[in-house]
């Protein structure tokens, strides 16, 4: 119930919203109602409209709207349940009862007849409630409503499954086996779902309720202890980086203080540029960074943010370069005025030994450097890289060779800063080129998923070793000769014969890849005996799972040349040294976790023990050097049903293995969420979600994915999810996320609230 003040505020909000959607006649017709309700299908909009329109005028007045909203916003459970029953009673024809004086008084209290302030919060008069004519729900009515529930939630199930859902819900609700469901029977069935009845509403009609006030903390988010604790690595690096730049600037400026203020600024920026231009190379030493992840330094240095810091240092270099150039130009202008024999252009365009640089060419090389840096920065912007012009980013970034050459000619001391990073960078490139030449591999199989994901199966050489969650750079000459793109390996290292890549069509190259394998191909040559045996093994391995799920894959065998560069490490390597790991993947963000989940189960099974006498088996809780995990929670969030097909066969296999090895085991727990599906609290979905729950309990299988894990509708309630994780007390919790930056921000804040470490995979 609402207080008088809350009721008044709510009434004001409803009037404002009503005025924004009602026409000049101050009434809402069916089309305006559908638009405001934002429903996908018209069935529920028409049902709600018919129940709201008590006088059957074909429009809804403010009085009728307030009457209906009193049920849905702050009505009793009985009122909401009666409204729900009428929605499901499809063949019932609403009857009206005459309004008596008590109803008129209540309408006045709501402010529909000019009352300035609403009266006390009273239950809505029952005579205002539309009542179903038939008074019962028949099986066919239930089937019709459930079919529209499926459409509203963007769930596609065959007709047989719809019949099974209808039968499961009808058998549970029809207590007296009379062949129909009465209001009392529906009420009794819903008593098993108290949390649903407590919050029953129409979630799509968010305009019905005022937005809840935001909770404000006494301290800004960036000043909380949890925030600093979770970002201590980044802050430590930034603090050291900033301090070192300030120190170098100050020392260089003081050393040249006798030459004037502009020279001090130019020399100070120049010394900082020596550091930052060398640091740009250090931050892209992928093999060195991968090696560092296996050392204790990985716990101190924010290695997972190396690309972000590379971008930051790039902006700093451009800024320092601009200041350095401006200070020198200003100083040259001053010298030209004092000299009287030289113009400013002479200092800028002609060599002068006193200016510095090799042969006095510091001015010319400096201007060239400034132009190259500006060009590189312009073509590094996300609008260029993500708009189908990746080659512009790639080729302009190759100008780093010219930049480093000009820097050595421009600055007399830069080589001292660059000699170690430059040698390491050159060594990495040489090793990479050697490995690329020796790692000419072949794609032996391609699976095209309807959700525009290309699953590549690549023949794995014996010399190719990697860790779970690692990524590689892939080049397929048949798609683009010079383009290399990073993708996470989705197969486990323990899978010796092949490695997998799952590539979603998002950009120009990935779309071209998908379309390339869509085209009809001429028969490929007879594969080598090794490739043929690999294909046969893979087909046998997944035949049982794929047949059970009926996956809509387009599978084709092939033999296409490709090249790999890598592997390179990611933050997900820390998962195996966690105690309680929470893996969260959004959409194709599951890719790094696919490899990790397989490897986790491989290692977990190696710890399995059995008694030689009674053959009883168990898994030891003892930790080892390879894996200290006690519990793994895997959360996968998808927008709609079809996206689950990417890795559903793999997850089914993992569920089957855990059930066979450890019946009832909870070492690996899966949680699936489908955001397009309406939540259990929504009147448009409550029947469907109840039916799905009942059928899943009966068949021990989810109707949406085929997993034993029930797919939850809507978005996760992170407060409840992490609260449950904290209550388990299975050790120190670390959360690993791969997905959109917006969702990463939400999860990071929740991790800070619960004191969990948070790691984000960039993809």
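Here the Cβ of each residue, glycine as well, is placed from N, Cα and C on the backbone.
Per TrEMBL, these features apply:
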| type | residues | note |
| --- | --- | --- |
| DOMAIN | 40-75 | domain 'EF-hand' |
| DOMAIN | 161-196 | domain 'EF-hand' |
| TRANSMEM | 235-255 | transmembrane segment |
| TRANSMEM | 261-285 | transmembrane segment |
| TRANSMEM | 306-327 | transmembrane segment |
| DOMAIN | 436-574 | domain 'FAD-binding FR-type' |
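Under 8 Å from some Cβ of the domain 'EF-hand' (161-196) lie the Cβ atoms of residues 78, 81-82, 84-85, 88, 135-139, 142-143, 146-147, 150, 680-681, 686-688, 690-692, 694-695, 698, 703, all in the same chain and six or more residues away from its ends. In terms of DSSP helix, strand and coil, the domain 'EF-hand' (40-75) has 22 helix, 1 strand, 13 coil. Note on the domain 'EF-hand' (40-75): mean pLDDT across this stretch is 76.
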